[in-house]
Amino acid sequence: MNEFETIARLFLPLTRGEPGAFGLGDDAAVLSPRPGFDLVLTKDAIVAGVHFFPDDPPETIGAKLMRVNLSDLAAKGAVPRAFLLAAAFPPDAGPGWAPAFAAGIGADLEAFGGALIGGDTVSTRGPAFFSLTAIGEVPAGTMIRRRGARAGDLVCVSGTIGDAALHVARKLRGRAVRGEAHLAARYLKPEPRLALGQALRGIAHAACDISDGLVADLGHLCTQSGVRAVIEAGLVPLSPAAAASIAADPALVETVLTGGDDYELVFALPPEADVAALAAVTPVTVIGRFEPGQGVELRDPSGLPLQLTRTGWQHPVGRDEAGA
Ligand SMILES: Nc1ncnc2c1ncn2[C@@H]1O[C@H](COP(=O)(O)OP(=O)(O)OP(=O)(O)O)[C@@H](O)[C@H]1O
Ligand SMILES: Cc1ncc(C[n+]2csc(CCOP(=O)(O)O)c2C)c(N)n1
Ligand SMILES: [Mg+2]
Ligand SMILES: [Mg+2]
Ligand SMILES: [Mg+2]
């Protein structure tokens, strides 16, 4: 399939009748925020060998592209509205690859809402690269910021932490884990916490999604808010697979706390907030408290500080992988 066949056959159906997409036949799209709403804009990219394994199923690569972006909208309390897709397809992909990738995106547009309104389709002699600009809506002035956590607030997280990072540790470093199928599913198709994020509007003082790692992303929230977080490692919610993996190899606790790829939410709730009411929508766990100061402190079950060798994922930019 050539470029324009790909746009017409694979991407046009994903516009789902959105008039501002102009049938993917114009230079640009038009989007009007509904009166009384703000548009919330975010962008994440994924690269073969960096964010996904080149032999991952193309449907789940499309889904993961959607979900890493939906996760940012979720963290801001936004409702998905529109997406712009940049796709540089792998040079050696078979004829079924792009249709399956597009089907993964289409299924998530159905599941989570919004429409494709534009993008760009290119070729590459390098690794496959995909990026979405995701556009969501919130009632004007209500986007949840990373800034706003206060001393005394509860540190909360959704879902379970560390599953995807354990999958990566198994695939890249040969680490022995338990519950491989569960860990793989969590890596391939993270759950964007859209309902929780929307429920947090007007309640949470601050929120961030966890892409780089729990400690790193909580650290970003602390920096923006000008507070410190003290969390108890023993309270961090784990799936049975992650708990069994750590029980067999305690060193994996660092992978869980700092490995990233969780796409769960970490957020600040005032102490009087009704955590149980939120937890009725999505699993929510209180893992610590915000205090005056800066940085993230982790405590082990005996209350002693837990030292980590890193806090999360960072891309090397303009230097080699060894960090020279
Ligand atoms: N190339 C860039 N140009 C402009 N702004 C950028 C660029 N890269 C990052 N940013 C901005 O920097 C901030 C931090 O970006 P970052 O990518 O770390 O956040 P994130 O998307 O929530 O996390 P992740 O990419 O790990 O999912 C965001 O406000 C983002 O829009
Ligand atoms: C094949 C493979 N190797 C390593 C990882 C781990 N990883 C890569 S980028 C990133 C942070 C989020 O990305 P970004 O900050 O770019 O949004 C993480 C945790 C992976 N997912 N797949
Ligand atoms: Mg980003
Ligand atoms: Mg984010
Ligand atoms: Mg990142």
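Quick reminder: no glycine exception, Cβ is built from N, Cα and C everywhere.
For the Mg(2+) 4 site, TrEMBL lists ASP27, THR42; matching the candidates ASP72, ASP92, ASP108 against that entry yields ASP72. The Cβ of ASP27 has fewer other Cβ atoms within 10 Å than any other of the binding-site residues ASP27, ASP261. According to DSSP, ASP261 (substrate binding site) sits in a coil region rather than a helix or strand. In this structure, ASP44 are the binding-site residues from THR42, ASP44, ASP72, ASP209, ASP212, ASP261 whose C-beta falls under 6 Å of some atom of ligand 3. The binding-site residues near ligand 1, defined by a Cβ under 6 Å from one of its atoms, are ASP44, ASP72, ASP212, chosen from ASP27, ASP44, ASP72, ASP212, ASP261. Take the CB of ASP44 (Mg(2+) 1 binding site) and look out to 10 A: across all protein chains shown you find 19 other CB atoms. With a cut-off of under 6 Å between the Cβ and any atom of ligand 5, the binding-site residues HIS51, ASP72, ASP212 reduce to ASP212.
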